[in-house]
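What TrEMBL annotates here:
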TRANSMEM  C:38-57  transmembrane segment
TRANSMEM  C:64-87  transmembrane segment
TRANSMEM  C:122-146  transmembrane segment
TRANSMEM  C:153-171  transmembrane segment
TRANSMEM  C:202-222  transmembrane segment
TRANSMEM  C:252-270  transmembrane segment
TRANSMEM  C:290-313  transmembrane segment
TRANSMEM  C:325-349  transmembrane segment
Amino acid sequence: MSEGDTLLYLDGVTVTFDGFRALNALSLVLEQGEMRAVIGPNGAGKTTMMDVITGKTRPDTGKVMFGKDTDLTRLDEPAIASLGIGRKFQKPTVFEPHTVWDNLLLALAGDRAPRFTLFARQTADEKRRIEQILETTRLTDVRHRAAADLSHGQKQWLEIGMLLAQEPQLLLVDEPVAGMTDAETEQTAVLLREINRTRSVVVVEHDMAFVRALDVKVTVLNEGSVLAEGPIDLVSDDPKVIEVYLGR
Amino acid sequence: MSQDETSLSRRGLGRLGVAAATLAAFGAVEAKTSEPAAAQPTGGTIKVGILHSLSGTMAISETTLKDVMLMLIEQQNAKGGLLGKKLEAVVVDPASNWPLFAEKARQLISVDKVAAVFGCWTSVSRKSVLPVFEELNNILFYPVQYEGQECSRNVFYTGAAPNQQAIPAVDYLRNESKVKRWVLAGTDYVYPRTTNQILEAYLKSLGVAQDDIMINYTPFGHSDWQNIVASIKNFGSAGKKTAVVSTINGDANVPFYKELGNQGIKATDIPVVAFSVGEEELAGIDTKPLIGHLAAWNYFESVETPQNRKFVATWKKFTKNPKRTTNDPMEAHYIGFNMWIKAVEKAGTTDPDAVIDAAIGVAVPNLSGGYAAMMPNHHITKPVLIGEIQGNGQFSIVSQTPGLVVAQEWSPYVADTKDLIGDWRAPMRCGAFNVKTGTCTAGKKV
Amino acid sequence: MKLDRAAILTIVLVFGAALVMAALNQMTPPASAMHVPTYVIALAGKYLCFAMLALAVDLVWGFAGILSLGHAAFFALGGYAMGMYLMRQIGDRGVYGNPNLPDFMVFLGWKQLPWYWHGFEWFGFAMLMVVLVPGVLAAVFGWLAFRSRVTGVYLSIITQALTYALLLAFFRNDMGFGGNNGMTDFKAILGFNIQADSTRSALLVISALFLCGQFLLARFVVGSRFGKILIAVRDTESRTRFLGYRPESYKLVVWVLSAVMAGIGGALYVPQVGIINPSEFAPGNSIEAVIWVAVGGRGTLVGAILGAILVNFGKTWFTSVLPELWLYALGAMFILVTLFLPRGVVGLFRRRSRLEPEPEVPAASAAQEVTG
Amino acid sequence: MLRLLALLLLLLCGPLVAHADDPLAELASGSFDTVRQGVEDLAQSGNPNAAKILSALQNGQLYYLPDHTLLIQADDGSYANAITGKAVSDDDAEARSVRINNSIRSVLDAALGSLRLFDPNPSVRLNAAGAVFDAHQPAAIPALDRALAKETDSAVKTRMQQARAAAVLSDPGAAQDARLAAVPVLRARGDEAARGVLASVADQPGPVGAAAKAAVASIDRVLQLWSLAQSVYYGISLGSVLLLAAAGLAITFGVMGVINMAHGEMVMLGAYTTFVVQQVMHAYVPSLYGGSLLVAIPMAFLVAGLIGVVIERSLIRWLYGRPLETLLATWGLSLVLQQVVRSLFGADNRNVTTPDWMSGATQLGGLTLTWNRTYIILFAFLVMAALMAALRYTPLGLRMRAVTQNRRMAAAMGIRTPWIDALTFGLGSGVAGIAGVALSQIDNVSPNLGQGYIIDSFMVVVFGGVGNLWGTTLGALTLGIVNKFLEPIAGAVLGKIVVLVLLILFVQRNPRGMFPLKGRAVEA
């Protein structure tokens, strides 16, 4: 694969909190259009990795390149989000007081400056896009409900919907199926694969069945660096992986 | 914002409507209730307004003045009231909030229809109510020593002007203690600023060099006096007798004197003469380390006269507290109240215009054995007393001006006011008459 | 922008009542039963100015989650700008007859007008300053604070430090703003006698006009997409950031707007109470303004207006009828409202809206979870 | 010989013959000038009763009858003849006190000083020499010479030599050599008092003036250096006051996250408790009065702590997780508490006395350390140490930390979290009460006491880092010292403004204070 197809490139990223190494010279390459599952025990550095990519945490050393020549370590969260990196949190984080519709409206790609939003009116195009996302996320029926009133699974989907509305090149998804029913989990897997048709996705997940269902390349993190990488079957047979994670 | 989420429920709307309408109608209600009072002025009583803070920072000083007014009114009623009517005190609390002073003054005059108001302590509270009294033409008796530079037709100043307190005190120190170096320490507001300005000009006119005068201002409620006291000590080590003239206000005095005592500055080394420290303030301090420090007032509780003994005894009985002290502003209210009574009796009415005219020239006994007369500038004549602090929180009077001092409302030491006089008698009727140009610059009332 | 009935009712009541009171004051003779005395006009004008301050506080606290304990500073700054104009209007009618210097400067022996007083003789310039001074201060302060993500109590405490520093600064006579006494004894505004009943009535109506205008503006802001983002920032600041919004810009805009609104309130307050002095900067005043909003109902705008009027009416009433006990009444009111009316008086009448802030202030706890 | 003289004096002050030169008659005159003359004359007269009479005068216990008989009032109020010591009855109605003013007081101090130079007690002699130094009158030289000849105590001797040097230098008639020799003695003393004496002759022409001028300059240089150290002390002192005021808040706000606007009122209640304790002890156990503050400390802790527990149980506990609303409720509470105290005790200041062991100052080189402030510094550190120890080592502290860090887990482990909350709040309030005891020694005891400290306290806690007692300590000291170094440069007001602006900028750079910690408080 040629250089040009690399979307995200982490090189020797190290993050230390009060002497604790959350990430230890972590390196990772994500291709354009790829879906990647990241697994690892608690404290392996999964969330910290997300934090570094989205600009929440600044690494002590290392490079984080997005696309050809954008160094993410120099940018803050809104700037990175505007570049086209969306993030879904472990716990569903939506704007509870707003309706589903408004949540999506606020997430839609567009001008983020106050001077625009102060006078912005909803356009027909925006309406169309929202309806489309509602369709995709199966939230059409509840579009006028306040987000706070949604079920847990619906909130997860709404958040994914908001990510879609952002129209990112890369989605970072943190434990999307935690607390979901089996049916919901299945639907989520379908949804993610659908999304992956147009965008790159990184999924952090504990649920091995779900990861298996995704059927993508897996990266196993341990103690802040990559332990193993490859297809799920290969990785799950790796004795090191079994020792630290699967076999515990 | 979607319509159904935030709109009021039908019932709620009605209730809110009622509440708001009640609120809006309060003006009309107020107007109605005050109406009968306007038709039949006071309904058998004469109302007297008392405008002293009962809460907030100034409550510490002003509450006492409210109490003394209540006592005086009670006494007057026991003597049969005024013009055959009983006096009725209307007490409000302006809460040490200056705009609230103006609001309460307006309320006392236009809603309660009081015949006169006794009140205010700080300069800013007086400045705040002054336009109200002038607009609504009522009378304020102001009982506290102040910076002068004011002469309103509607205010009677029963406290001391700077020349009735500061200058005699400085003279005493010059003559008695041979003071050559002066620290003018004050709180940063208009009374100390003016007093110190006047004193500085006065001292320079006596040949005191600029190097021998140190001026220091501190904020209200200043509580950490360590370096200022140290610098006073340092200033006093120049080999010349040094004294501090203190216009430090209220709350800041206790920590100031405590620091003074602890740093070992005795009255025999560097005496401090204060213009805002009276018996009330001393009641909150252990005065043993302060013996010999001075204060200049027009009255002390320790004045040995029959009138004063009676006043003090009545006060202790009235407050049911044998430890309550009396002080100078209380005497000012005593004088002011008696003057007002006399002026009303002389005018035969409580109508402000008549009383204002009748008040000039009224003389009533003060508590230090003489008479206080209301001068045409609406200030009163006063003796000046210098007292030394005693171990028991009282003052020992060490000096008293031989005669009475007439107030200079406009300071001769300020260039812009040296030619001004106030005279509210006909035909001049002017608060600021320039004797050089022969014109009335301000405060003309026809 | 669609207005619901509560908003329309508010505007009609505020403006209508002001107009009726002014008209009755002007057109009926004092002896008439319908006459509204000037005392009431002055009081009502004062309440409306306080309502503007409350509205400003509610805008930042109720919708952006910024609890300002220093908003009275902006109110006072607007007031000082107006006060300076009114001082210059006195001209040679001052006590000393000095046409160039305000009385307090003559008094302290100043020889010439400090540079920052120039221009205030023009009404237009002064009004520009009413808007600019609080606005610029708020912009600088807000830019520093929001950029560094100072939030919650920390922000509240430094707003308090800000107003406290200003209080001390304006107390200083050397600053040239009249020290502790501030500015008073105003004579005229735009040539009209400031003590005349007609001027007072006009000022009341103007205050009502401005209050309604500010109310509509605030409604527009919170009803816009901007307002929705603001609420999102209030409740889930980090989420908005990952969506590509810059919360600091949103906070800054609403913060500056709120400061300007407070400044205008202060500017209208000064001619009606006749005095401006540093005690307006006292931290207690700012806390009181927050309490008005809490009493009325946070995040409702209508509640802010209602709260300011109710509490101040209560204060006027209690200080007259219970001069010795009114602090108990006021203190008890604050305690009871927070304990039993977490959504304020408006909450009594109104179904809960999702857009109102949770009484539990969930803002940071959610953000905290996010980072976990 | 002495006895004869005394007899003569007795005769002279016979009831009706009031001789003008008779010092005792002069004392009984009622005129300030004559009394002053009388004090001087009596001191010179060698009258054996002089010391007794003069100290009675100094203590305000000297009275006289219309016939010019001097009486001394005993502590129990009875009178005795000043000369014969015989008790006098039924004369109190006519007895009038001999009033003194400052100029008499200085003469009196000098006179008593000269007389007491020979006192058997060395500390009395030391003070006497000090008084003579302050007066620096040439008339005292003979007495000093005699005293010096007999003096054995080296400290007293030094002080006497300084007094003598001051007197000699101030005597224009003294020999030039002697005066020149006096200059280095005073320069060696090197304090402001010595500088004052030297400066008073520095303008005189001739070598004495020049030497004095040089000595003044050298003293100034030394004092300049000391004043730096003095500023640090002032800063630590101010810092310790801030620390005490903030210590309770560091618990209620810092650890629990309650924005307690009534914190200042807890301090105020502590100060009033001190007042009440002093009143009660004065009335019932006057002998123990000197220890009243030691009794007041636990009392203030209990009173404020109990009120704190009551407040927590009745008010705060309904508002957990709503920190901004606790702000409003506690603000209301602070209004109520102020008014309660105003109703109970009156609006004016109450007099809390400073025990003798906390009055005055001590010299440490060129440093003046006032006792009350020194004790407060020590006390502040003691309180912080105790507080840290309590949180770290006591079972209650352990539970408090557990509840703060993870409430649910703590509850699951059987800790009764509501009571821990109440006790924690009580502890913070109690510490605030203790601060009130200390503040009663330097500030007004009035209902407004707490208001003056509340803003500063919040600043300190925020500056130091919420929830961190070390941060609070360092924050308070830093603010105190910065303030005290700015004050001489910018003035008290501007200095404070600069500190506030610096604080605002600091918090903006470090939004979580000097020592950020995670805890419940952080999420407001």
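Using the three backbone atoms N, Cα and C, a Cβ is placed for every residue, glycine included.
Under the criterion of 3 or more C-beta pairs below 8 Å, with sequence separation of 6 or more, the transmembrane segment (C:64-87) and the transmembrane segment (C:153-171) qualify as touching. Within the chain, the transmembrane segment (C:38-57) has long-range Cβ neighbours (under 8 A, six or more residues past its boundaries) at 14, 17-18, 21-22, 25, 68, 71-72, 74-75, 197, 200-201, 203-204, 207-208, 210-211, 214-215, 218, 258-259, 261-262, 264-266, 268-269, 272-273, 289-290, 292-293, 296, 301, 304-305, 307-309, 312-313, 316.
Three or more CB pairs closer than 8 A are found between the transmembrane segment (C:252-270) and the transmembrane segment (C:202-222), so contact between the two stretches is assigned (pairs 6 or more residues apart).
With a cut-off of 8 Å between Cβ atoms, the residues of this chain six or more beyond the transmembrane segment (C:153-171) that come close are 66-73, 76-77, 80, 141, 145, 177, 179-180, 182, 277-279, 281-283, 286. Sequence-distant contacts of the transmembrane segment (C:122-146) (same chain, at least 6 residues past either end, Cβ-Cβ under 8 Å): 73-75, 77-78, 80-82, 84-85, 155, 158-159, 162, 190, 247-248, 251-252, 255-256, 258-260, 262-264, 266-267.
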